[in-house]
């Protein structure tokens, strides 16, 4: 229900999913595993919304504009589970139907029928069909890669100006790739990132070690989620010169406190 609520808020009020999702997860009291699933369902569905809408339109035999928005969001979540996750087919369909009964009871049968149709084809087959049904090459790229047509054309034009027009497909695929989760080993608490995972390329405090909620060091507060760029911004200050007692630092681009936590560990 958390993922559905966030999708509905994005649809109804242009909410920022990255700001709303953590609050909804905390309010629901989800376990780490359930929080990870809710996160994947939310971001994964939003990332490939255009693709899933094209698949749903074909499976339902109608344009998605003709489907009630709450029902469409249920179908989008179900399509993501069926086409892009390891959730078993029966579980994805059954949970989606159960969700439909909560938000639009009269549409439960419709949701069941559409998602069972989606489940009968492999993801690659759906992509091929979506591309075939598009009314232009750019529309096909837009649907398959979930980018608006105007973005497709703007990216192509930018690449062609650099003589790199043949890189468009690679760019679209990279744009949809899930970023890896970077961690920071806080100095004084976890001094050797290599002992906990694979050291990152640029940040000397950075590492990659899979799902954070599975790491003992993360539960102990010795490791935090933080991308390399954020780590380097903090380290550029703390390691440019020796830290002096009584020195004051001001973070003018503070967010959730990652750089401040790293600076505190450095101090």
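Even glycines carry a Cβ here, placed using N, Cα and C.
Because TrEMBL annotations are produced automatically, they should be read as predictions rather than curated entries.
Per TrEMBL, the features are:
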| type | residues | note |
| --- | --- | --- |
| BINDING | 253, 254, 255, 256, 257, 258, 259 | S-adenosyl-L-methionine binding site |
| DOMAIN | 143-267 | domain 'SAM-dependent MTase RsmB/NOP-type' |
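Projection of TrEMBL feature records onto the structure.
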| residue | record | Cβ neighbours (10 Å) |
| --- | --- | --- |
| 253 | S-adenosyl-L-methionine binding site | 7 |
| 254 | S-adenosyl-L-methionine binding site | 10 |
| 255 | S-adenosyl-L-methionine binding site | 9 |
| 256 | S-adenosyl-L-methionine binding site | 12 |
| 257 | S-adenosyl-L-methionine binding site | 13 |
| 258 | S-adenosyl-L-methionine binding site | 19 |
| 259 | S-adenosyl-L-methionine binding site | 23 |
Segment confidence, the domain 'SAM-dependent MTase RsmB/NOP-type' (143-267), expressed as mean pLDDT: 88
DSSP-assigned states of the domain 'SAM-dependent MTase RsmB/NOP-type' (143-267) in counts, ordered helix, strand, coil: 58 helix, 11 strand, 56 coil
S-adenosyl-L-methionine site shell beyond 253, 254, 255, 256, 257, 258, 259, criterion: Cβ within 8 Å of Cβ centroid: 230, 251, 260
